[in-house]
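S.K.: What Swiss-Prot records for this protein is below:
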type     : residues : note
COMPBIAS : 334-345  : compositional bias 'Basic residues'
REGION   : 312-356  : region 'Disordered'
REPEAT   : 15-54    : repeat 'WD 1'
REPEAT   : 66-105   : repeat 'WD 2'
REPEAT   : 107-146  : repeat 'WD 3'
REPEAT   : 193-231  : repeat 'WD 4'
REPEAT   : 234-275  : repeat 'WD 5'
REPEAT   : 277-314  : repeat 'WD 6'
């Protein structure tokens, strides 16, 4: 257990009418996009006050019916100028992130329903439900390479870029195995059977991958992804989303309990926790451009404060409390109390006229 259970309050939250299947936050601006079960993609903006660390409700920038069926996944480009999305219609599109206008699309290359999308130095790569991985040109969306047969034809749940090997390599996670794939040559290696479904993954550092498992654990992997090296038990329910934190070897992980844990995968310790919901699972995690944690279920999204944000909030609250206390105090200087003059006592050394 974490040493201390800290209660955090989200900066802002958003509820959705239709179930969401994907979120992505802009790498340089306070913006994000959401893809829904109806095929709609919506872009939002928000503003966090730099002095008080408060945030109002997100505002819609644009919304459009982007895919027939559902939008299965989406992601910003490296500089945030484009948004890539894939749908159950088998189409991948690149749109201008400011206007939402489509700049390129490919309607023919996906062999089955897409399940995930990742951006790398060289490609936009899409994992599919039949174990295929298709790499696209980032500008034209022309198909560049295709690898098939990962996970014995089972669904690709997550893709991780492995740029330390070369720009063509990815780790594919799905079913009960992890595969290293060169999109030019196909599957290079497959891990031992984990006897537990691998649902998600992230890179915790340049030399370590982390996977979320269906039995409530996160597992650590070396770069060869041959077998897990260590495991950390977080929950009695599945870990459906995991993302690297700002510091190496630290990750955020959440799932069926509706709780997100910050954990150090080297020490195996829980460092902090964020309660997204007591009723809904955590399906998606992201970080905004200032490394604020984002948690989302299929019907709600929350943006959480950083430690610096919480420090600013505490300072503002303390200053406000002092101001209110001062207002409640009586105005003006305190009145001085006048002493009553007592009758002087008879002085036996002086004669009274009546005695003369």
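Glycine residues also receive a Cβ, built from the backbone N, Cα and C atoms like all the rest.
Remember, it's a predicted structure, so these values are computed and weren't measured experimentally.
Buried or exposed, and what's around them? Tell me for each listed feature.
M.R.: Note on the repeat 'WD 1' (15-54): residues 60-76, 78-80, 83, 85, 87-89, 95, 97, 100, 284, 286-290, 292, 294, 296, 298-301, 303, 305, 308-310, 312-313, 316 of its chain, located 6 or more positions outside it, place their CB under 8 angstroms from a CB of the stretch.
Taking the repeat 'WD 2' (66-105) as a whole, pLDDT averages 98 in the prediction.
Same-chain residues lying 6+ beyond the ends of the repeat 'WD 4' (193-231) with a Cβ under 8 Å from its Cβ atoms: 157-158, 160-162, 164-165, 171, 173-180, 237-244, 248-251, 253, 255-256, 263, 265, 268.
Beyond its flanks by at least six residues, the repeat 'WD 5' (234-275) meets 1-2, 5-6, 8, 199-205, 208, 210-218, 220, 281-287, 291, 293, 295, 297, 304 of its own chain at Cβ-Cβ distances under 8 Å.
With a threshold of 8 Å between CB atoms, the same-chain residues lying at least 6 positions outside the repeat 'WD 6' (277-314) that come near it are 8-16, 19-30, 32, 34, 46, 48, 51-55, 237-238, 240-243, 245-246, 252-260.
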S.K.: Looking only at the repeat 'WD 4' (193-231), how are its residues distributed among DSSP helix, strand and coil?
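M.R.: Residue counts for the repeat 'WD 4' (193-231) by secondary structure: 0 helix, 23 strand, 16 coil.
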